[in-house]
Every structure is written in C-alpha cells, then in structure tokens.
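Here is the structure we will look at, set down as structure tokens.
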Amino acid sequence: MREYEILMIVGVVSMLVVEIVWEIWERVSKEKKDREKESAYECGFNPFMEERSGYEIRYYRVGIMYIIMDVEISYMYPWSIGMGEIGKEGMIGGIIFMIILGIGYIYEWKKGGIEWE
Amino acid sequence: MLGVYEVIGGIAVISGIGVIMSKKGVESVVYMIISFVNIGIWLMRIGVEYVGWIIMLVYIGAIAVLFMFVVMMLEIKEEERGKEYKGIMILIGIGVSVVIGGRRWLEEGVKEWIESKEKIGNVMVISKVMYGEKMIGIMECGMMLMLAMIAVIMMVEGEERKKEDVREQELRRWEEVIRRKE
C-alpha cells in the first residue's frame, strides 16, 4: 500500500489544482448570457430546429470493438504472466480462448466491420 | 475516526445512488465514473491491484466513454420520474446488497486467496485460478465476447452502399457512356 501513497498525493493535488482554477474562473469571469448569444447562427434568421446532425453509428461500432479487445487483453495478461505455473492445460486453454475470439474477428473482417467507409 | 475503506466505500455507494436519482443523463454517467474510480481504489486498497486497474481501464476508459457517447449523441431528454417508486427502489437495492454482501461462503475462498497472494503476487494467483480450476469460465467469457462481436456487426450492418471501382471508373471512356444528341 505504501507505494500507492505517492499516487494518492498526486491525485489529491491534481484535483485541488483543478478546483482552484475553477473557483478563480467562477469569481473573475463576467458572463452576460443573452438569448441571441445562446442561439445557433442561421444567417440572421431565427433557428428553425435544433442543430444536432445525424447519428454516426461507425463511432459506436469502433467503441464496442475496442471494449471487446480490451477485455481480451485483460484476460491474456494473467495468462502470459502465469505461463510457467499454469502448465500445458492452461496454455492450451488460453490458445482456445484466443481461437474462439479469432473466429469472431474473422467474421467481423469478412462482413466489413473493420472498414471505416 | 473513519478509515479509508469506509470513506471510499461510502462515496461509491452515494455515487451509485446518484446514478439512478439524477435526472440528466450526463450527470448519471459522471456519477458512474466516480463510483468506478472508488471501487477501483477500494480493490487496490484490499490488495487486488490488478482487478482494480483493469476496472479503471475497461470500465472508465471504455464503457463509461461509450455511455457518455450514447447520452450525448442520442439527445436523451430529462426524465420526469414517478416519485412514488424512488423509496421502494432504494430499499430493494439496499436489501439485495445486504443479502449478497452478507453471504458467508464468499469469505472462505477469499481467505485462502489472500494467504497465497502474499507469496506469489495477485496476478499469479488470478492466472492460476483462471487458467487452472476455473477454466470453463474463460471459455464461457470467450463465447460471450464472440457473441458480442457478432451481435454488433449484425445490428450495425445496414444497407450496402454502392461502391465504385476506382480502376473501372478511370478506364471508362466518356464516349461509351454519353451519347450525343444529333
């Protein structure tokens, strides 16, 4: 636990710095909100509708794929560390795990899930 | 005098309640991040550093980002929840956590684990358990991850866009395509 004391100090100090800067900003800044200032600019006319654009599903797909690969890495790290202790069965189990996920990757590749366009 | 356990655990519980009680989606995600941070710190405090760091990496670095992405992109409006259900839901949540947290059988496995962890380190213990006696769990996790990948591709797959072959496009001569009106 002692080795994490420094991390805790760093975390607390960084939060303090952020808090101090925020408080200074709140006290010093002059903000005069206006209806015109807050609304979207549409060449001088009043905004017809909200300015949100269409939803791009590609970003969500990339996020999901990243999560799956992250979880896979988190399983593979103890496997690699304990390779000497887990024996042949453990090694084969890890390889089977990777093969199962590899089938998923091949499906994704063939279906064009990795393509951006 | 409150120890680190109590403070961190208390903040995690309070922020967990804040996830369900806040009306704005973004606030819920922020409370969720705070809860995950405190759970990760708590796990590191009791000596399971690897799981604590993985929770921070995977949950905060990926899942919370995805939640935030969904909340911001989908324009989820503020909800008007029925006030009569709040108390009952909180009671049910406390009851379930007391029932699960008070189970004695959890302690026996944990003691043996903690004793062996001191000698060989927590990652080695995790690997011996994961790839030793509980390997069936790893296979099940692999199947679930594969299912998740396939499900995402099936759900996201839309209409096939027409793609132009660039070579064919460059080689095409306009005389073959356009007919002049004479």
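Placed from the backbone N, Cα and C atoms, the Cβ positions cover glycine too.
Here's what TrEMBL has on this protein:
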type     : residues  : note
TRANSMEM : B:6-22    : transmembrane segment
TRANSMEM : B:29-47   : transmembrane segment
TRANSMEM : B:53-76   : transmembrane segment
TRANSMEM : B:88-106  : transmembrane segment
TRANSMEM : B:135-156 : transmembrane segment
Stretch among B:6-22, B:53-76, B:135-156 sharing the most Cβ pairs under 8 Å with the transmembrane segment (B:29-47)
B:6-22
Apart from its near flanks, which chain residues at least 6 from the ends of the transmembrane segment (B:6-22) lie with a Cβ under 8 angstroms of it?
28, 31-32, 34-35, 38-39, 41-42, 45, 86, 89-90, 93
